[in-house]
Structures are given as C-alpha cells and as structure tokens.
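Reading through the structure tokens given below for one structure.
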Amino acid sequence: MDAELSNILRQMPKAELHMHIEGSLEPELIFALAERNGVSLKYASVDELRRAYAFKDLQSFLDIYYAGASVLLTEQDFYDMTWAYLQRAHADNVRHSELFFDPQTHTERGVDFGTVVNGIYRATQDAQEKWGLSASLIMCFLRHLSEEEAFATLELALPYRDKIIGIGLDSSELGHPPEKFARVFARCKDLGLHLVAHAGEEGPPEYIRTALDLLQVERIDHGVRCLEDAELTQRLARDRIPLTVCPLSNIKLRVFDQAKDHNMVQLLDAGLVVTVNSDDPAYFGGYVNENFLQMFAALPLGKDHAYRLARNSFEASFIDQPTRQKYLAELDAFFGR
Ligand SMILES: [Zn+2]
C-alpha cells in the first residue's frame, strides 16, 4: 500500500461502532489489575497470556475473554480500562465511539452494576472534555444466558438509563438465535433505547433476518454471512441497515482464513452500509486503524472506499443530527470534497 493511502486511513476522522470495552483489556493491564486487586490468574506471565490468544473459534476466544474480565472489580478498574481504550481511539482519530459493555460478566461475579457503568461512563466524560471525543454506552445481553437473566439485568440498568443509549446482544451466537430475546428487546424498545445485535458472524443469515424482524434492531453487528442470502442482502442494502464489520476479528476467529479472503469488497459492491471496527482489539491484534490498514493492504480498496467507510461510520452512529453534520463536514474537508 502506498504511503498516501496509509496516511489517509490513519488520519481520517472516523467513528467506531463495534467495540467491546472488556475486549480492550491488554495483557499488561490484566496483570496490573490482577496485582492491584489480589486476583490470581492461571497464566504465569504477560507473554504466556498473549500466547493463549491463538483462538480456533468464537468459543475458545470467549473462554479467555471471561478469564481476563475477572480482574475488574472496582470503579477505578473500569475507568482505567475505558481510559486506555479511549486514548488509543483518540490516537487513531476516532471522533465518536459506541462502546459495548457486558454487565452480566461482572454482576455474575458479585460486582455491582453501578460500579461497572459509573467507571466506564466517567472515562467517556473525561474523553469528551479533554479531546472532544464523544463516546456512548450500549449494554449487551449475553446470549448464552437466559432471557429471564437479561430482564433482571435490564432492571439493574434502569437507574442508569441516562448513561446508556442502546442495547446489544453478544457472546456465543450458534444455538442462541435472536428470537430467544424477543420480549426483552421489545421492552427495551419501549424504553426508547437503540437496538443492535450480533448476527451472521458464525450464525447463519437467518439470524440476521430474525434480528431485524423479531428484535427490530437498527444495525447488525458483523453480518458478514448475509451474502449467502441474496434476498437478505438486497433488503439490507435497500433499507440501509448498517453492518459493523470487524475484519481482524473475523480472521482471528476463522470466519475467513486470511485478510485476502475477507468479503469486504463484495459487501461494499452489494451496496451495503459497511463500517470497519475492532471488536475486541486487545485479543484480535489491533485497534480500528490496524483493521483499516490490513484490509486495504490485502484487498483492492482505495481512497474512495476509505471515504465511504468513514462516512458510513458517522451515518450509522447514534449521534444527534448536528453532531453528525459536524463530523461529516470535517470528513469532507479532510478528503477535499
Ligand atoms: Zn462483537
């Protein structure tokens, strides 16, 4: 890739819409927090932990992901984790980020819901103040747990409703179809929360359709398997349903073998509102710019695609119209449009 394109990818303003904050925990911070909190890890060193990141599928990743999250106990821990991510996002010229968090991973361990949300939220406020980087929170339900447990988590979230903009659905996709959560998503919609769901990553295109029809989501997280279903692909393009695609995650979890095998170009050619995101950057080998750089190095993508992907990221985000116009104007100025 030429230096000009690489600079454009690094420096263009962008939004990140699919990033699990617990997935930004770097091994060094996991060890530092473990020491601070007196938590023992089954890995002897940072290097040993990093070596365990050779995942073969989504489940083998999730096992380590939950082990890593076990070091988070205090509000300051959640703040420090979030702040570390926001610093990296700022360095990658992310102007706006929508952060997923998994409260059930923590409340299950006895951590108070408020400890989680207050720590993360306080870091987002500081990023806004320091850099003008806007960040908002999307609470995810773990789909391997029951809908009843999701309802209980929603109850815990209600006192913090003003700190949460939306609801997502993550964790093990296969065997946990969207319809399992239809009632709790309907309740969240009544509460005026934005709705998104992971679908069509490891799961079949049918999960994308049921996420749209039965959960009424506004965006699909991943969704790369939509291309197996022509009618669904047309619908996603026609209705401009954004896909939050995470290329390095897809490769690390073997959805595609290598960067050159990724279907990013076909998704764009199908007229889909594709965005580029880092998913769980500490585990998958890179933050958002690294995702852009590796895709553009491996695939026939150029400056116009870069513009389109960045534009999509702002158009697909849950920001108010004046903020969106401000970011889009900055993007157009950057590209000289
Ligand atoms: Zn994800």
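Heads up, the Cβ atoms here are built off N, Cα and C, so glycines get one too.
Just so you know, TrEMBL annotations are computer predictions that nobody has curated.
Positions annotated as domain 'Adenosine deaminase' by TrEMBL: 13-332. The average pLDDT for the domain 'Adenosine deaminase' (13-332) in the predicted structure is 96.
In three-state terms derived from DSSP, D279 (Zn(2+) binding site) belongs to an extended strand segment. Sequence-distant neighbours of D279 (Zn(2+) binding site) (same chain, 6+ apart, CB under 8 A from its CB) are H18, M19, H20, G23, C246, L248, S249. Feature annotation from TrEMBL assigns Zn(2+) binding site to H18, H20, H198, D279.
Residues annotated as active site, proton donor in TrEMBL: E201. Cβ neighbours of E201 (active site, proton donor) (same chain, under 8 Å, six or more residues apart in sequence): L58, E173, D221, H222, G223, V224, R225, N250, L253, V255.
As annotated by TrEMBL, substrate binding site applies to D280.
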Close-lying recorded positions around ligand 1 among E201, D279, D280, where CB distance stays under 6 Å: D279
Zn(2+) site, defined by H18, H20, H198, D279: further same-chain residues with Cβ within 8 Å of the Cβ centre: M19, G23, F100, D170, D221, H222, T244, C246, S249, N277, D280
Alpha-carbon distance [H198 (Zn(2+) binding site); D280 (substrate binding site)] in Å: 13
Reduced DSSP assignment, H20 (Zn(2+) binding site): strand
